[in-house]
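Step one of this worksheet: look at the structure below.
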Amino acid sequence: MKFHSLRELDQTEGTWPTWKKHVTFGSVCAFTFLTNYAIGGLAPAFYILSLEFNKTMSETSHLLLWPILVLGIFNFFWVPIANYFGKRPVFVFASLLLCVCYIWGATAQSFESLLWSNIVAAAAGSSTEALGSAVVNDLYFVHERGAKMGVYMNSISGGNTIGPLICGFVVQSLGWRWHKWMAVIFTGINFLFVLFFVPETRYDRTSEPSLSANSSSQSISSASEEAIDTEKATEPRTKEYPGSPPSGLSPVPKKTFTQEISLWSGVPSDTNILKMFLRPFPMIAYPAVIFAFLGYAVSLAWVVSVNILNPFVLEAPPYNWKPQINGLVNIPGLIGNIFGAYAGGWLVDKFCDWRTKRNHGVFEPESRLYLLIIPFLITPAGCLLFGYGVERTMHWATLFFGYGMISVGLTAVPTITMAYVSDCLLPVNMDALLLVNGFKNIVAFGFLYGVVPWVEDVGYIDCFGTQAGLYVAIIGIFGGLLAVFGGKLRHITSQWRIII
């Protein structure tokens, strides 16, 4: 069985109307939002939880640190399972498990129980990390992916900003457990949407051998023709860019509602589950993948480091803020996320459209990278502003502005880089995005696990100053080199035969 994305079906048979794609995509976005809403959203309660359970600042931060690691590691489990059995059974099972874990967390009577409920919830929620971005490629055309990827990234980051914003008021008036109970209600509703309105987004195209280059060594051959070799890649991409479907596709029978909600859609006949687990790892050699996960990792780590540290800064002397007031720091964070998603999504799409017209209709994936200049300038400045603001006990507005500027990178960078990876490695994009999402969490965990002792040892200025320097090196230098030489690198790597 050869599976291909529904992107090839769009506007051909009419089996997937626009509203249906949006409902499917919206349900997946809600799933990933709620994962971060209940786990990362608990941050304003860290100071209270440290007192309730008699834990240090470093120990309390484990409520967020270990889930971040698990969110990355379990990508390597869910994506091969979804490749083999389909995305729908994974989403249905994982969304139900997420709801159960939040019930567990709301009733936890010890710190260890609360911690493990977050960890298992992260394992369930990790199913949307790489699969959610793959759904964007399944449902939408290349000229739509940037904006849709921006929406998806806002769903991830929004959980970490809207969650703490709401949690601060809930904790103060009702207690931290009600934050979890609210998540139970929302995830329960979302589970029903996933169960009834998220069909399988792959289909069987055994009759189209010319399109069946999605396994083994054929994957990279297809990638080199479609996306990796600049000159060859852009021809099919240019035809797709205006939104017209590929020609010569035979009609696919329309499924009944019962068939669409079935959890079984078959398995590939030309591979096995072991190969599915091993296939992604060789792709770590591709420069686009390395850059994407490093850029995403530092963007995530710097934002989460503020989430971990700010309750111990603003709820302690000399600020002495209450949790609901501390939660307001997420307002500039949310504004930064929205602006970053706009800049990395819609604005990049428009810029790419303009570049494509100037390039005589030829679309080059590197066009997306030029607007990395926006987070490159804003995010490091925000790191310096926040670091100096805390250490010099400056006005709270300094911390707010600093955090908002840091948050721009959390959505702008992955929105741009993940769309770039998808353009470069389209036939195997789910495997490539698995590496990006998996390794970025592992790298971010490494930074965040030591952020509290790092700050205690060197102070906020040196800590956040170093963060700014690392960000400049990765986004500025590495990103700049890819923007200039990415086309040549794709031409070289198109000759590699490293896909299992």
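Residue positions begin at 1 at the first shown residue.
Backbone N, Cα and C define each Cβ position, glycine as well.
The following features are taken from TrEMBL:
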COMPBIAS  208-225  compositional bias 'Low complexity'
COMPBIAS  229-240  compositional bias 'Basic and acidic residues'
DOMAIN    24-500  domain 'Major facilitator superfamily (MFS) profile'
REGION    206-252  region 'Disordered'
TRANSMEM  28-49  transmembrane segment
TRANSMEM  61-78  transmembrane segment
TRANSMEM  90-107  transmembrane segment
TRANSMEM  119-140  transmembrane segment
TRANSMEM  152-175  transmembrane segment
TRANSMEM  181-198  transmembrane segment
TRANSMEM  284-309  transmembrane segment
TRANSMEM  329-348  transmembrane segment
TRANSMEM  369-388  transmembrane segment
TRANSMEM  400-421  transmembrane segment
TRANSMEM  433-452  transmembrane segment
TRANSMEM  464-487  transmembrane segment
**Prompt:** Residues sitting near the transmembrane segment (329-348): Cβ under 8 Å, six or more positions beyond its termini, same chain?
**Reply:** 146-151, 153-154, 157-158, 160-165, 303, 306, 310, 314, 368, 371, 374-375, 382, 399-401, 403-416, 419
**Fill in**
Mean pLDDT across the domain 'Major facilitator superfamily (MFS) profile' (24-500) comes out at 83
**Complete:** For the transmembrane segment (433-452), the candidate among 61-78, 90-107, 284-309, 369-388 having the most Cβ pairs under 8 Å is 284-309
**Request:** May I ask which of the stretches 90-107, 152-175, 181-198, 369-388, 400-421 has the most CB pairs under 8 A with the transmembrane segment (119-140)?
**Result:** 90-107
